[in-house]
Amino acid sequence: MRMTAAEEGHTTPVEIHLPADIDWDMLDKSRFFFLGAALFSGVSVALYPAIVLKTRLQVRQTPLSCFGAAASILRQEGSHGFYRGFATSLAGTIPARALYVTALEVTKTAVGSATSRLGMPDTAAAAASNAAAGLSAAVAAQIVWTPIDVVSQRLMVQGSEARSKYRGGIDAFRKILHSDGFRGLYRGFGMSIFTYAPSNAVWWASYTMSQRIIWDAIGYWSSRRDSFILKPAYGTVAAVQGVSAAMAGGAAALVTMPLDTVKTRMQVMDGGDDGGKRMMTIGRTVKNLVREGGWLACYRGLGPRWASMSLSSTAMITTYEFLKRLSAKSQGSFN
């Protein structure tokens with residue numbers, strides 16, 4: 001893949017030769033899914049405590065600092081408190097992520113081909129295809145992920161402010177199904193789509209644009225040294241991808257935080273005005289949040305979510321790109 005960065009004061013643009021992109025048709029699918037399950041499971045182990053902390057802060061009815069919440073979990077539950085619901089989450093993550101990456105790559109390839117036929121500039125075409133791919137991938141994954149999210153989040157908040165107690169994921173599944181029916185497992189499904197679909201579209205588009213900005217900056221630096229052809233090593237490419245992912249993740253976290261707080265509350269908490277007998281709605285959830293702490297209550301847990309999304313974005317994209325190169329049918333992918 002070749003990029004050019006024309007700089008002010010130079011008539012010759014800097015040519016940046018990046019490793020070729022690997023699309024869906026170039027992947028060995030069995031290797032891709034097998035290695036992906038192992039690699040992403042490891043990433044999930046590292047990032048899960050931040051998700052638990054964020055969820056605990058979002059469902060609290062009184063504000064508490066991140067450090068205070070973390071200290072409380074350690075003091076009352078020990079380190080295993082940061083991994084409540086992890087087995088359930090991991091069991092659902094594998095099929096949900098497989099569905100996610102399949103929809104992502106198929107849509108990216110299809111939209112990318114369409115934008116090329118329309119003659120769109122490379123940067124705009126990449127941003128459009130990535131945004132469309134992120135949108136479709138999020139919608140597809142939520143079909144599997146929402147029930148897992150509901151169950152795992154109920155387990156995450158046990159010992160904090162949740163009324164119900166569950167002995168594990170299967171017990172939680174049965175009790176939710178018994179009390180709320182099948183729709184209880186899809187509580188907040190619409191809000192999940194409303195949260196994750198635009199978040200993924202923004203993330204993938206921002207990721208593409210962030211990479212372009214960073215490579216332009218590298219091109220400008222190279223041009224000042226009279227170097228007009230740049231062939232970055234794979235490690236440099238991975239570093240740029242990681243920084244771009246962190247930038248995109250932080251921006252997406254900030255923009256979608258209120259939506260995520262409402263979604264989490266709907267999935268975890270019951271309506272409180274009549275003893276918890278009413279299903280939480282978007283309007284009732286927002287009303288309760290504003291009553292508890294004003295509009296800033298919608299941003300409880302922003303610190304852990306911002307950190308989690310930035311770190312997970314960096315870990316996920318570098319793992320994902322590495323996975324694609326490991327799974328390419330042609331083994332010249334690291335050149």
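Any Cβ shown, glycine's included, is placed from N, Cα and C.
Source: prediction; values computed, not measured.
What TrEMBL says about this one:
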- 28-110: repeat 'Solcar' (REPEAT)
- 32-53: transmembrane segment (TRANSMEM)
- 125-213: repeat 'Solcar' (REPEAT)
- 184-205: transmembrane segment (TRANSMEM)
- 233-259: transmembrane segment (TRANSMEM)
- 236-326: repeat 'Solcar' (REPEAT)
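As a summary of secondary structure, the repeat 'Solcar' (28-110) carries 73 helix, 0 strand, 10 coil according to DSSP.
Residues 127-128, 130-135, 137-139, 141-142, 145-147, 149-151, 173, 176-177, 248-249, 251-252, 255-256, 259-260, 262-264, 266-267, 279-280, 282, 313 of the same chain, all 6+ positions outside the transmembrane segment (184-205), place their C-beta atoms under 8 angstroms from a C-beta of that stretch. Same-chain residues lying 6+ beyond the ends of the transmembrane segment (233-259) with a Cβ under 8 Å from its Cβ atoms: 18-19, 191, 194-195, 198-199, 202-204, 206-207, 210-211, 214-215, 218, 298-299, 301-302, 305-306, 308-314, 316-318, 321-322, 334.
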